[in-house]
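Colleague: Structure below; questions to follow.
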Amino acid sequence: ESIAVAVNRISVTVSIGSGKPEGRHSDGIHIFCGAMGIHKQEIVQLLWCLLLVNIDHIHCETPNFVIVGADCNNNGDCNTVLTCIDKKCKYPCPGPCQGNTTCEVHDHVPYCACKPGFSGNPFTGCQEEVPVNQCNNNTPCDSLLACINGKCQDPCPGPCYGNTFCVVLKHVPFCGCNPGFSGNSYTGCQEQGSVDQCNDNNNCDKLLACVNGKCKDPCSGLCSDNATCEVHDHVPYCTCMSGFSGNPIIGCKDIARYSHRCLITGIRPSGKKIYRVERFIKVNFYAAFSHCITHGGRLATVESTDENALIKEEIRKTGIRNYEFWTSGTNLGGDWLWMSSGEGLPEFRDWNVLEPNNLGGNEHCLEFYEKNSNGYMWNDKSCNQ
């Protein structure tokens, strides 16, 4: 089948293969062609147009102008966007260019380049570029940002759920209920005045928790990607999946390996503090802080020798030796204070020998650590471990 195409006084006979090329109008192939300004560009534009519809052969009646399919002895016999291959003028792309590349022809020569977002050798194949970590911890980030998956990002809404607001203090997201709502901002706030279904967890099945007067699945929306959630006696525990580690509430990564457990502070009706050792999970300081709030308490504060002794006794009861347990003590602003209460450390201190030493200039959180025969004592540690 032949089609005669006229382009500004240049008559071209086109020989096409069987079947209707995709996108070609019944009245010709002008759908792919655009108006051009000068003689040479018109022919080149026509060439591209014809290539798009799988033209087998083109013969131009215009003297001294050769394009696809014409006989040749060398590149000089062909248009500059063609190459003399096997004695025929042919379009050389993609030719030597391999996967994830682009190909352009200049003066008969095909040039290969990697597509945007890819790098490598375009003649053997380009690979997707691996992003470089912007940060490994919160230190290089603005105080209103946190290091999440190697990038300084806004940690809000992060652990905050329905009907809440989120603010960031020294890289840490804190949640609160919106006006007119109350409850636990880390599991979701409820409109005030709703009818209570429960008063405490004892009114609910062991796999549910009493949240704002309702028996609910405490795992719902709590854990991040690459994490699982299990409920033990009303308490949800997020853990990173096998091969991942980190903060199971914000995001588990496959690099850092955390080793800390956390200490939850609670208040009895009498006003006396109680402590509970969270022994099922190992998280960094920020995840420990959020975890304790989510589970009805606060990351531990120590305000007296009696409270310090009580914590040590609770750790001793677990039978765990040579591990590390977070408290809410931090010196992120330069002075040591309890993050859970905002109060400074008491005159009483229980630092281990030669502590705090701020090793590497990055130890800003307070833990209980069994370093030697002295038993569990205070130690400063990187908040991201």
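Placement of Cβ uses the backbone N, Cα and C atoms for every residue, glycine included.
Reproduced below are the annotations present in TrEMBL:
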{"type": "DISULFID", "residues": "Cys93-Cys103", "note": "disulfide bond"}
{"type": "DOMAIN", "residues": "90-127", "note": "domain 'EGF-like'"}
{"type": "DOMAIN", "residues": "270-385", "note": "domain 'C-type lectin'"}
Colleague: Where does the mean pLDDT land for the domain 'EGF-like' (90-127)?
Modeller: 87
Colleague: So which residues does the domain 'EGF-like' (90-127) touch in its own chain, when a touch means Cβ under 8 Å and the partner is 6 or more beyond its ends?
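Modeller: For the domain 'EGF-like' (90-127), the sequence-distant neighbours (Cβ-Cβ under 8 Å, at least 6 residues beyond its ends) are 51, 68-69, 75, 78, 80-84.
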Colleague: On the DSSP side of things, how many residues of the domain 'C-type lectin' (270-385) fall into helix, strand and coil, could you say?
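Modeller: Going through the domain 'C-type lectin' (270-385) residue by residue, I get 27 helix, 31 strand, 58 coil.
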Colleague: So, three-state DSSP: helix, strand or coil for Cys93 (disulfide bond)?
Modeller: coil
